[in-house]
Amino acid sequence: MNNSTNSSNNGLAITSPYKTFEVVFIVLVAGSLSLVTIIGNILVMVSIKVNRHLQTVNNYFLFSLACADLIIGVFSMNLYTLYTVIGYWPLGPVVCDLWLALDYVVSNASVMNLLIISFDRYFCVTKPLTYPVKRTTKMAGMMIAAAWVLSFILWAPAILFWQFIVGVRTVEDGECYIQFFSNAAVTFGTAIAAFYLPVIIMTVLYWHISRASKSRIKKEKKEPVANQDPVSPSLVQGRIVKPNNNNMPGGDGGLEHNKIQNGKAPRDGVTENCVQGEEKESSNDSTSVSAVASNMRDDEITQDENTVSTSLGHSRDDNSKQTCIKIVTKAQKGDVCTPTSTTVELVGSSGQNGDEKQNIVARKIVKMTKQPAKKKPPPSREKKVTRTILAILLAFIITWAPYNVMVLINTFCAPCIPNTVWTIGYWLCYINSTINPACYALCNATFKKTFKHLLMCHYKNIGATR
């Protein structure tokens, strides 16, 4: 940072390049931005901690990003404001180098976290069958650690030890900037590695993500008939499984569980882990049926056998105390997250009257599953996650591009960049840390609701907010 300095002067009015009212204005604005950044990123971190619906792999990456942004809000913004309004660096060369190392390592960690988020979403969309198996909390932790370690290796040694590498410290007293920025090769190398290359990669990844998402939505829209046809009786099995208490094998208590989907094992939960950051919604009719059946009261059960066209196999055993009703429905194409089977257990019914009531419940379930399935809406959760990534990516490019362009220009022509323009460009990088929490809230309803509960001190049931 090439601020005009005069370390021999002690008065603010003499050393500061700004007038008194300008200093007050800068301090108020910078202090407000710092406070908003701190509060916003603390809200993100606390929201993920207290709300179990936000404790997803994707949001763990956002948690790491919020940690980096919080450090920027606490240290980087305030020290740079001090440096700006006073007009010189008052804390000595050691603190200067430590501040610069922390500032650039944390800022680059933000970039690396954005890169990880983009890669994570890309693999979720392009490899929905294989990637979720590897997408574990442990893997996320390793990726986050790698982002921070790489950022440290890229910036900290060069900032802290460059003066020893070249044999002299060229940064004058009262100034604080990275010494190797005067070296064109090193400046270009770090700028490309820290900004330009990640931006290119993230842009390409987002283009592929967007194209894959649009292709999936178009494919679903082309199949309205398959989504609206009634479920065929051959694909609906209502089975009453009555375990014999005298011959119950170990393990599952004698209940029979068969998962059938056109002769293949169902693809349960294949991509559900990849659609993170949003509330999980149930869109399968058999799931709704199981909820209705489990909540039925005896007085709600009426014998309406004429409405059932599917026969139900059953066996009688007065000693049995469990009934298992299993519904297997045909999974919709393109909806690999929807369960293909639902098991409903009715406990406590025995004897002939109990069997009759259970049979009636089974018939009602089969009747409900035979109703025409509602057309599944477009995958809004997937669109919201993609939209969040787009918002974060655009905010990053807009706020970081001016400074990184000026860094390259400064290598060849330092006087070409006015001090005020440099300061604004530097501050724009910091403002990105202020914007990120707003991106989460605007693009993610669960984050937004949790933020609201925390700010209004409504802690009841906050852990289950959707």
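Glycine residues also receive a Cβ, built from the backbone N, Cα and C atoms like all the rest.
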Residue among Cys96, Cys124 that, according to Swiss-Prot, closes a disulfide with Cys176: Cys96
Same-side flag (membrane), Phe21 vs Asp173, source Swiss-Prot: yes
76-80, 86-90, 411-415, 436-440 - the range that Swiss-Prot marks as motif 'Important for signaling': 436-440
In Swiss-Prot, the member of Ser16, Ser232 to which phosphoserine is assigned: Ser232
Neighbour count (Cβ, 10 Å) for Thr446 (phosphothreonine): 22
Set of same-chain residues at least 6 away whose C-beta sits under 8 angstroms from Thr450 (phosphothreonine): Ser47, Val50, Asn51, Leu54, Ile462, Thr465
Packing count at Thr465 (phosphothreonine) (other Cβ atoms within 10 Å of its Cβ): 23
